[in-house]
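A quick write-up on the structure given underneath.
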Amino acid sequence: MTIPTSDAAPAGLPSSIKRSWILPISLAILLIAISFHNYLLFHTLVELFSAVVAVLATVVVWQTYPFSRNNYLMYLGCGYIWIAALAIAHTVVYKGMAIYPDAGPNYPTQFWIANRYLEAFLLLSAPFFINRSFNRYAAISLFGLVAVTLFILIVLGKFPDAYIEGQGLTPFKITSEYVANTLLLGAIVYLWKRRILIDPSILFLMTASIILTICAGFAYTFYVSVYGLSNLAGHIFALFSFWLIFEAIISTTLKEPVRVMSRNLINEIEEHKQAETDLKYLATHDSLTGLYNRKVMEQRITDEILRAARYNHVLSVFMLDIDHFKQTNDTYGHKAGDTALSKIASIVESSIRKTDYVARYGGEEFAVVLPETPLSEAEELAERLRSQIADHAIPLSGDREINITASIGVATFPENAKTWDELLEAADKAMYSAKENGRNCVQTANSAG
């Protein structure tokens, strides 16, 4: 049979699924070795292991259902706990077990066939509930009723014979294996038809599990002795099948949620760190231009003045104000005004030296600090900056451009002021003097009077 392909399905089994084979393969090797010395012990161990796995899977999916909300796996859990119960019944009446020494080979084979039909129906109907809710208490009760009914029919001798001592498997048993395998093939087709609704890893795990169950069914059609090689192979296939179902449930309801929670926790930590970094940045920088804000500028000027006073150095500052900025906002809109501010900030930042630093002091006003720079040199730098701003057309949306000019006031410590606030005030007065003199010019504190 060709399994339909899907773009949603992964190209191969994930590495985590490959690693999950280590335990069952190791266990299978050990059990096979045991079978050569004591087949009854092998059979008991492999059946009990499969039953325990099925019970654990049911417990896990039942307890995690409130947050996993995986209806498909919940439905499987409702059925597999009763499949485990019939498997235990099959084990305790197996030929050679001291619990029911007179049971013979027919009873365990009947329990096996009953279990095969129950499992085939479970797997065939399960895809229907992938995206449909159901009452899990009613479902587990219904499967329990079916399992108990099958048990009673077998015990009362009302179930068809599956094995006759001296003859081997009955036609009913062999036919039932093929019928069950046909139902299981239908389960694979139905599951893949609904593959868009199911997690790809569950799709592959369940498909592999059903295929192994089919292989077990074929193996059970060939044996003559309940201790034969094909019987052994069938039990190994069944062991792997149960393990894959367990892996599908554990991966989906436990491993993946933990991975998701871990990823979410890491993301939250990273987001918290980023938010903290952003807050620190916004505490020291202007959000529009990326320049230092007024608070940082005033602190740095204070530090620079203390350093300049200690080492007898000069320190210059100039204040820059964009000309007619309100008119620009009114004419072109605030978005154009923000564009102009960002562009002016970029021009100023690229024009100053590495030892200088600039801040957006407020509104359309910028402050530039020039350590160890005399007034004459600061005036030259300010004039060069003013010229660059005036010569630079600022592009706007719709292929429009605007030309911006700036007025700059320059002051120097200790020539024009003794403290940082006096220095900024002197530079600010010089800047307003530049505006009064026609704008688009540089004025020093000395010339401003």
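Note that the numbers count up from 1, one per residue, in the order the chain is shown.
In case you wondered, yes, glycine gets a Cβ from its N, Cα and C as well.
The feature domain 'GGDEF' is assigned by TrEMBL to 313-447.
As annotated by TrEMBL, transmembrane segment applies to 21-42 (among others). Tertiary proximity for the transmembrane segment (21-42) is limited to same-chain residues at least six positions away from its ends with a CB under 8 Å from its CB atoms, namely 49, 94, 96-97, 227, 232, 235-236, 239-240, 243.
What TrEMBL lists as transmembrane segment is 48-65 (among others).
Feature annotation from TrEMBL assigns transmembrane segment to 72-93 (among others). Under 8 Å from some Cβ of the transmembrane segment (72-93) lie the Cβ atoms of residues 43-44, 47-48, 50-52, 54-55, 57-58, 60-62, 65, 99-100, 103, 107-108, 111-112, 114-115, 118-119, 122-123, 125-127, 129-130, 134, 136, 139-140, 143-144, 146-147, 150-151, 198, 202, 245, 248-249, 252-253, all in the same chain and six or more residues away from its ends.
Annotation source TrEMBL lists transmembrane segment at 137-156 (among others).
Residues annotated as transmembrane segment in TrEMBL: 176-192 (among others).
For 204-226 (among others), the entry in TrEMBL reads transmembrane segment.
Through the fold, the transmembrane segment (232-254) approaches residues 16-17, 20, 23-24, 27-28, 31-32, 35, 39, 42-43, 46-47, 49-50, 53-54, 56-57, 60-61, 64-65, 68, 70, 73, 76-77, 80, 199, 201-202, 205-206, 208-210, 212-213, 215-217, 219-220, 223 of its own chain, all at least 6 residues removed from its boundaries and within a Cβ separation under 8 Å. What TrEMBL records for 232-254 (among others) is transmembrane segment.
Helix, strand and coil counts under DSSP for the domain 'GGDEF' (313-447) come to 63 helix, 40 strand, 32 coil.
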